[in-house]
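> To start, I am sharing the structure in question, which I have written as structure tokens.
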Amino acid sequence: MALTISISCFSSYFVSLLLLVLSSFSFVCFSLSTVSISHISNQTLVCALNNHSYLQCSSFPLNSIPFSLTGNLRNRRFSGVVSGNGFVCGLISRLDSNTSTLLCWRFSVDGTNMLHKRIYHGPELEELEAGNFRICGVERVSRRLRCWQPYYLPRPDNYRSIALGDNFFCGLSQPPGMISCEGIAKVPSGDHYIAIAAGSRQACAITVDNDVECWGQTQSLPREKFLALAVGEDRGCGVRWSNGTVVCWGNNNNFSLPQTLKDIHFTSIYAKGPMFCGVATRNYTLICWGNENFKSGVFTPFQGLISQVVMPGPCRRECPYRPLSGSQSLCGNELMICDLKRNDGEFPDTRAQNSKNKTWSRRNIAFLVVGCVGTFSLLLVISFLIFKSHCRCRVHDSGRLDDTRTIDIPKLEKRLCTLASLGNPGQLMEFSIDELALATDGFSVRFHLGIGSFGSVYQGVLSDGRHVAIKRAELTNPTLSGTTMRHRRADKDSAFVNELESMSRLNHKNLVRLLGFYEDTEERILVYEYMKNGSLADHLHNPQFDPLSWQTRLMIALDAARGIQYLHEFIVPPVIHRDIKSSNILLDATWTAKVSDFGLSQMGPTEEDDVSHLSLHAAGTLGYIDPEYYKFQQLTTKSDVYSFGVVLLELLSGHKAIHNNEDENPRNLVEYVVPYILLDEAHRILDQRIPPPTPYEIEAVAHVGYLAAECLMPCSRKRPSMVEVVSKLESALAACLTAPKTETVSRSNTY
């Protein structure tokens, strides 16, 4: 195991040198596709990049899934597309900045209710592949593997191509072409593979002889040589090496290519479930087969559209052999689509070529390895020591497609490997369970502070004397059913991952600091700095706590606003908290307020995304949720502004967001207080537990009331940004600390 780790770390430093020397062995195998197939219920959605690289989709039965792009995305050039059960994702790559953005659309069981979400923005992805439930990609420069939806992988590798099944992953390494898999047995050995593909429960690879080898739940294979493969559910198809036509097999020998397609030559083929699609070489039109409901066994998704031509492959910066004829005009920007044939008409990576270079390659590879080890031995030792722990990490799950969990994950992804590799300043510690148990006297009731949405919270003292707050998730409950328990566990895992990822990259005096974590199969624990004075909700709503003065309330409001402003304005992409409330604003020993609990947080859109919001199911706490977000499921930073407006009303009135009126009937704080503010009668709703504001405080209190009303505007576009909120609170606090001015407070922009 140690040897594997050191070689992996070593290769990350010298991969460019190795590739330069081994350029004779360049593989023409790509896992970035321009066609995708998605199934949900009895409906199918086929998407492809047309000859302008625009994303277009067609469903079967016709128009059963009303998928369409909006705004600037209609004319946005995509570099690839992948799909799975109920989702479609498009990759946008910017060559000028070497970055990629991955946008995903998820649709409901009936094919409606499209939800749009960006799940990645970072270093350029050169390879991208999706199974039915998850997505993985490979960065172009570092060859680092990234996956979305939790996925168990033992280590990052320098993958040239990847393939995903329902519960397994396979990768084809950089030359010399070895296959490694997780979640599937009987993986072939050797270093003579040039392409790889996966279906639901089986995977196949093409050798340098152009033979096919399959593993998993395999079917009998035709004795043919292949140029390209597509593997579906218990079936597969391949492009013949000899002439570019297609042959299919599987389904207990009951699956074959429709007779009408026997003589058609294909440039590329794709599969998902029972269905296959191929790009015809003659005119680059897309033809699909495999669905028993297709008329004559064939479906042409884009027939009748103005642009029936689809991209026959991904646009690349360079090709090992020649580019596909005419592809430069399709790609532009000096990009090209790679042809699998060399200029002499032969197919690459045949045994003849391999035999010709075999003696040279074996000898020179040996000299190369010995020379590199001798020359860079010192760097190798240093690299091994630095990355010894990190290279054992499992691959980072860079985001979630959504909150749905379709498989059982044995253990959460450890984030420290990726955080360290990105140079993250979070400095998170991974605590041991023994250390945390010792800090809390075995999680004793004496140290128990309360119960939150994530689980129980304990006060503890670490061995170095630091006072900490420890959140321990409650993953099991004998009173809940199995299904409910699985959903509950998934929610806890999601909150754990969100908190870990969000807090590890945030650093602000008005955000609670995450110190570290512990996780294993049965435990999810987060360790924070200890906040001695509890939460704002405690001091506003718990009679056992002394009420706060008006000046202290304004200072707390300003502190919390500055923390939220940092999330919205100083983090790229911005972080939307989604659960701003008084119980998530904590107070330290000096009464400095800090925002906490990032379990529901989401990364918001940036200007580069060409979208103004995220389409997500509403989440948060009743009474604080933005009505526009709740109704239209469109999340923006202004949703946090609304929630903060409710907190301001709590500070003014002392009431909870949802509380009982004089008749013991539930009452919404916004509906109760805002009308008084608009009538300039805010004095009627002020907290009666403390004396009325002094002449030095009345202007500031009125100012906060008007600001709260602005934050609670029904239309999110009319709400102030957190920059404006901070500015107005600073003015209010200044008014509170000095003699009142003669002019009155402005209510402009309020309703």
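Note: Cβ is positioned from N, Cα and C throughout, glycine not excepted.
The annotation signal peptide is assigned in Swiss-Prot to 1-31. According to Swiss-Prot, the feature N-linked glycosylation site maps to ASN42, ASN51, ASN98, ASN243, ASN254, ASN283, ASN357, an assignment based on sequence analysis. Per Swiss-Prot, transmembrane segment is recorded for 367-387, and the stated evidence type is sequence analysis. Annotation source Swiss-Prot lists topological domain 'Cytoplasmic' at 388-751, citing sequence analysis. Look at Swiss-Prot and you will find 443-733 tagged as domain 'Protein kinase', backed by sequence analysis. As annotated by Swiss-Prot, ATP binding site applies to LEU449, GLY450, ILE451, GLY452, SER453, PHE454, GLY455, SER456, VAL457, LYS471.
How about a rundown of where these features are and what they're close to?
Take the CB of ASN42 (N-linked glycosylation site) and look out to 10 A: across all protein chains shown you find 11 other CB atoms.
Look at ASN51 (N-linked glycosylation site): DSSP puts it in coil.
ASN98 (N-linked glycosylation site) counts 12 other C-beta atoms within 10 Å of its own C-beta, drawing on all protein chains shown. The DSSP secondary structure for ASN98 (N-linked glycosylation site) is coil.
Residue density at ASN243 (N-linked glycosylation site): 9 other Cβ atoms are found within 10 A of its Cβ, drawing on all protein chains shown.
According to its DSSP assignment, ASN254 (N-linked glycosylation site) is coil. ASN254 (N-linked glycosylation site) is surrounded by 9 other CB atoms, counting those within 10 A of its CB over all protein chains shown.
Annotation note: ASN283 (N-linked glycosylation site) sits in a coil segment as assigned by DSSP. A simple way to gauge crowding: the CB of ASN283 (N-linked glycosylation site) has 8 other CB atoms within 10 angstroms, across all the protein chains here.
The DSSP secondary structure for LEU449 (ATP binding site) is strand. Around the Cβ of LEU449 (ATP binding site), a 10 Å sphere holds 16 further Cβ atoms from the protein chains shown.
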> Across the domain 'Protein kinase' (443-733), what is the average pLDDT of the model, as a whole number?
85
> Taking every protein chain in this structure into account, which of the binding-site residues ILE451, VAL457 has the most other Cβ atoms within 10 Å of its Cβ?
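Of ILE451, VAL457, the one with the most crowded Cβ is VAL457.
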> What subset of the recorded positions ASN42, ASN243, ASN254, ASN283, GLY455, VAL457 lies within 10 angstroms of ASN51 (N-linked glycosylation site) at the C-alpha level?
none
> Looking at the glycosylation sites ASN42, ASN98, ASN243, ASN283, whose Cα is closest in space to that of VAL457 (ATP binding site)?
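Considering only the listed glycosylation sites, the nearest one is ASN98.
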> Could you measure between ASN98 (N-linked glycosylation site) and ASN254 (N-linked glycosylation site) for me? Cα positions, answer in whole angstrom.
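Distance (Cα to Cα, whole Å): 46 Å.
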> Among LEU449, ILE451, GLY455, these being the binding-site residues, pick the one whose CA is nearest to that of ASN283 (N-linked glycosylation site).
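Result for ASN283 (N-linked glycosylation site): the nearest of the binding-site residues is GLY455.
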> Of the binding-site residues listed here (LEU449, ILE451, GLY455), which is spatially closest to ASN243 (N-linked glycosylation site) when Cα positions are compared?
GLY455
